[in-house]
Amino acid sequence: LGPDMKFKGVFHPVILCPARILEMNVVYYTEYGITFGAACSLDLVKNTLTKAVSELSKEKIEVFCALLRQLKSLGGQQIRNVASLGGNIMSANPTSDLNPILAAANCTLNLASAEAGTREIALNEDFFVGFGKTAAKPDEVLVSVHIPYSSKWEYMFAFRQAQRRENAFSIVNSGMRVLFHEETAAIEDLRIFYGGMGPTTVSVKKTCKELIGRPWNEEMLSEACRLLLDELPLPGSAPGGMVEYRRALTLSFFFKFYLSVLHRLKEMNITGQDMPLGYFTAIEDFQNETPQSLQIYQEVTQGQPSWDPVGRPIIHQSAIKQATGEAVYCDDIPSLDGELFMALVTSSRPHAKIVSIDVADALNLPGVVDVITASGVLANKITVFPLEGEHLLAEAEVTCIGQIVCAVVADTRVHAKRAAGAMKIAYEDLEPTVFTIEASIQQNSLYKIDMKLAKGNVDEAFEIVDQILEDEIHIGGQEHFYLETNSVLVIPKGEDGEMDVFIATQFPSFTQELVAMTLGVPSNRITCHVKRLGGAFGGKISKAAIIASIAATAAEKYRTGRSVRCVLERGEDMLITGGRHPFLGKYKVGFMNDGRILAVDVSFYCNAGSALDESALVIEKSVLQFDNAYSIPNIRAQGYACKTNLPSNTAFRGFGFPQGSLVTENWITDVAAKVGFSSEKVREINMYKGVERTHYKQEFDAHSLWRCWNECLEKSAYHNRKIAIEEFNKQHRWKKRGIAVVPIKYGIGFPSSFLNQAAALVHIYKDGSVLVTHGGVEMGQGIHTKMMQVTSRELRIPMSYIHISETSTNTVPNASPSAASYGTDANGLAVKNACEILLQRLDPVINDNPKGTWKDWIKKAYFQRISLSATGYSRGLDTKMDWEKQEGQPYGYFTFGACCSVVEIDCLTGDHKSIRTDIVMDVGCSINPAVDIGQIEGSFTQGLGLYTIEELKYSPKGMLYSRGPAQYKIPTVNDVPAQFNVSLLAGSCNPKAIYSSKGIGEPCVFLGCTVFYAIKDAIAAARRDSGLTGPFPLDSPATPERIRMACVDQFTKLVPVDEPGTYGPWAIHI
Ligand SMILES: Cc1cc2nc3c(=O)[nH]c(=O)nc-3n(C[C@H](O)[C@H](O)[C@H](O)COP(=O)(O)OP(=O)(O)OC[C@H]3O[C@@H](n4cnc5c(N)ncnc54)[C@H](O)[C@@H]3O)c2cc1C
């Protein structure tokens, strides 16, 4: 009930909690099985069954084992603690993991009603009558559930496959039970139920009936597959999509059932079909393990004083507070007297004229104060970096579902949301609507940006190469999924147009500028404050400022002192704020049979959405950096931003690099498959060597790149592991392993040099305590911790003397966004500069009393009228890119690294398990190895999510389906490689950044692609067993659906494919 009440606004006047009704909470053993009260939690059911399994004879526990197999991954522990057995059954969810087993096992339900008394009914195919509906009468309550023991010659198995192994509803699941005639392999009874194949749990009664009496052998298996496909038709437009995959899963599960039962029959010495040795692991599930990790970094040099924290693994200064909940985030700020809440009203149409906005009903609701529409905003159109021509609120037209049309302001959150739901907006649909990259290319719906780079002569090179390969890869987008959604609190100060804006943003000065422009006041009246962010990843730049400006407009109207708060719900945040750009990479590659790649012609198309936002810069990065670590003599690269009727995509950690370079690794992998070399050999042949120039003529030395690469090969024992994997793959038909090693060269800094500047303000108080402020925003990446380390070293005082309170626009003006992996480089130099100035002023005092303490010196300095406050400044890197001349130095320097991952896939279900990852990164001389390794591990895991799990689903009308954690899956701890090792390259230095360190915030997102390519390697092994060799397509993310369908075999070949265009699909790939 909870999720429906929270997310769908379902209202129940009365809710009964059966926690204290005895009959509904008991557990008792009978002669025939165990009866559970319907209110028993799933955890209690799990514990009871676990105990029963350990105590009862083997033949009695088949049903219990099947239930336990599902219960271990059903929801998570928190869900199992509160979800009840009765609730799971009565919800009649078609993907319930328990109902198919309970039904296949012939469980019985005890129902009771005040009028009709009690009755016992079978939980069978007649019980589930429709989506969320059962045959129980409206006044009946489920009192208890009887789960029978199994008998000799009866076997039961359960299967499930979800987008993610834990805490995700099944895509398809099944409960399968067979009873044999005694001492034979002849089927006496068969009951099979599937979930996820229709609006209810479904029985395949006809199939079962046809198979009764038949021996358990391959002919029966073939016949079963034919019958199952017949009995479980799924139209191309079926809700939930993934139609062919779901159909393939029904066969895969039956095949696993077949093998599992065969195995049992063998154990019982019943002769029948032999199970080939390599088939055995097909029936084993992947086990979740607690990941083990190794973190290797350099100790500081021996001579470094003990008080100097630079280079030491200092704990993130608010880590403990974040873990305990003491850390204060924007929405934790207590509400002020008279505070108002603002709820946003968004477009429900992808492209339409706004005919009217009727506010009457909303205004009449309790607590509602006002509705802000475009006409109530002074400057509704934004043209200030990084936005160009975007509207705060839609004016005459909407161009995507999720565009902000107006905002309702009310006295409470609940009132504001209720009123937002009561807003009546009339639309007139407009043509065209464009959602996909392909459609926008076809209709030439592109933003006018010109990003082209060329090197050498591609056409001539194509003439002389041995082979040419042309292909494309689609890379899905990604939701930022920061834990803290976009939030703002605007407090008007009551005079001179002054306002305080407390906001979760990476770019406070942009919010300040935008709010000031919107209100028509100078920037000096608006102060933005940022304490910390609960994650940002690029998603709290442009949209955060837009929401703040709308809230400021509302607050300005009530300047008598009513503050306005706006905190997006998860679903709203996902719908409105966009994410990582989906990409299509089309490429033509010319190469020699010895593996040398001589020419690449590549086009990148990103789905920018309905506004340009930062898309031009994202495309710029993909065109500039797609070379990754490879020196290709002839290059032609071009990038396009597709204009579509979807929410505008925006900055996201890596900013076009993770997409552009995935395309590169794809053509490397394809070339390797064509020339018959391993991918790592083709990588080595084509990697930059020594001092080289990129395709935009920036010079760099690839020495560290090769050191990382070689160390990674060595630390991962790559070559031995590869041989072991080949051996494993020879011995296993339905589980395959794969390995991939990928290098990285990642440019740090902003190509527009003005963004590389930074400033800081350092105050020393009379008691010796130091308050540091700088332009960087703490968003979990540890910048404040590093800035305190810098201050400590420069002022030669312990870190305990130093505090950073917040980032604010009245202490450091015009700060750049915390982005581009450049925060520490820029702000570190500014803080250092401020400290140097202070120390210079303090020098005479110190020299006067060299044995004195810091506190003595500060007191003395104060009385000597020495200023104890200083601003520091750093101009930053001199970067530039001349697109006319096709050359420049857009990056200050490069961060290098290499990563090797090993995975195992289940060819029958598409599930995968990350076995091991080894990363070696050159971060120069790390200022804080603990924080840097945290960034490496975190960004790698985010990349792993991007390339293998996270999938945005859009309806054919451009509506985002995946608007919460139930539909959108990010990696959990079980998705982290079971062995995860990170090493920082020793002895590397970088004269271009503070203390010789390097930026590391973004690069390792891309290294998640090693898991993608290891999966591809494993799929290639599976395909070889089916007689398929050479390159094959695999789009990102490599979801269970894509993995399964790429592992072509006798089962996938049986699944009919609906002709595209003959049906309306449930979802589209944008
Ligand atoms: C995040 C999340 C993940 C989940 N993952 C999974 C999963 O992977 N697999 C899976 O199978 N399930 C999953 N579930 C569902 C979960 O297992 C329960 O089915 C769900 O929570 C409902 O159980 P409840 O006890 O909360 O029932 P409630 O929400 O209290 O009730 C659900 C419905 O059943 C009715 N009902 C409840 N008890 C009775 C009764 N005794 N007699 C008559 N009617 C009754 C209620 O009126 C209501 O209509 C998940 C749930 C969540 C929230």
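Every residue, even glycine, has its Cβ placed from backbone N, Cα and C.
Those TrEMBL annotations? Automatic predictions, nothing curated.
What TrEMBL annotates here:
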| type | residues | note |
| --- | --- | --- |
| ACT_SITE | Glu1002 | active site, proton acceptor |
| BINDING | Ser84, Leu85, Gly86, Gly87, Asn88, Asp97, Leu142, Arg160 | FAD binding site |
| BINDING | Gln506, Phe537, Arg653, Ala820 | Mo-molybdopterin binding site |
| BINDING | Phe655 | substrate binding site |
| DOMAIN | 1-152 | domain 'FAD-binding PCMH-type' |
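This view paints the features noted in TrEMBL onto the structure.
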| residue | record | contacts (Cβ under 8 Å, 6+ apart) |
| --- | --- | --- |
| Ser84 | FAD binding site | Pro18, Ala38, Ala39, Cys40, Ser41, Leu42 |
| Leu85 | FAD binding site | Phe36, Ala38, Ala39, Cys40, Ser41, Leu42, Val45, Leu98, Val145 |
| Gly86 | FAD binding site | Pro18, Met24, Gly37, Ala38, Ala39, Cys40, Leu142, Val145 |
| Gly87 | FAD binding site | Ala38 |
| Asp97 | FAD binding site | Gln70, Leu71, Leu74, Ala158, Arg160, Ser170, Asn173, Gly195 |
| Phe537 | Mo-molybdopterin binding site | His480, Tyr482, Phe652, Arg653, Gln942 |
| Phe655 | substrate binding site | Gly538, Glu614, Leu617, Val618, Lys621, Ala819, Ala820, Glu1002 |
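Residues from the recorded positions list (Leu85, Arg160, Phe537, Phe655, Ala820, Glu1002) with a C-beta closer than 6 Å to any atom of ligand 1: none. According to its DSSP assignment, Gly87 (FAD binding site) is helical. The average pLDDT computed for the domain 'FAD-binding PCMH-type' (1-152) is 94. According to DSSP, Arg160 (FAD binding site) sits within a strand segment. Of all the binding-site residues listed (Asn88, Gln506), Gln506 sits in the most crowded Cβ setting, with the most other Cβ atoms within 10 Å. The full span of the recorded FAD binding residues, Ser84, Leu85, Gly86, Gly87, Asn88, Asp97, Leu142, Arg160, taken as their largest Cα to Cα distance, is 26 Å. Note: the Mo-molybdopterin site is recorded as Gln506, Phe537, Arg653, Ala820; in the same chain, Ala536, Gly538, Gly539, Ala651, Phe652, Phe655, Met779, Pro817, Ser818, Ala819, Gly1001, Glu1002 also have Cβ atoms within 8 Å of that site's Cβ centroid. Here the CA atom of Gln506 (Mo-molybdopterin binding site) lies 42 Å from the CA atom of Asn88 (FAD binding site). Taking all protein chains in view, 24 other C-beta atoms sit within 10 angstroms of the C-beta of Leu142 (FAD binding site). Around the Cβ of Ala820 (Mo-molybdopterin binding site), the number of neighbouring Cβ atoms within 10 Å comes to 26. Across the residues annotated as binding Mo-molybdopterin (Gln506, Phe537, Arg653, Ala820), the two Cα atoms farthest apart lie 12 Å from each other. In the three-state DSSP assignment, the secondary structure recorded for Leu142 (FAD binding site) is strand. Of all Cβ atoms in the protein chains displayed, 27 besides its own lie within 10 Å of the Cβ of Arg653 (Mo-molybdopterin binding site). All chains included, 27 other C-beta atoms sit within 10 angstroms of the C-beta of the residue listed as 'active site, proton acceptor'.
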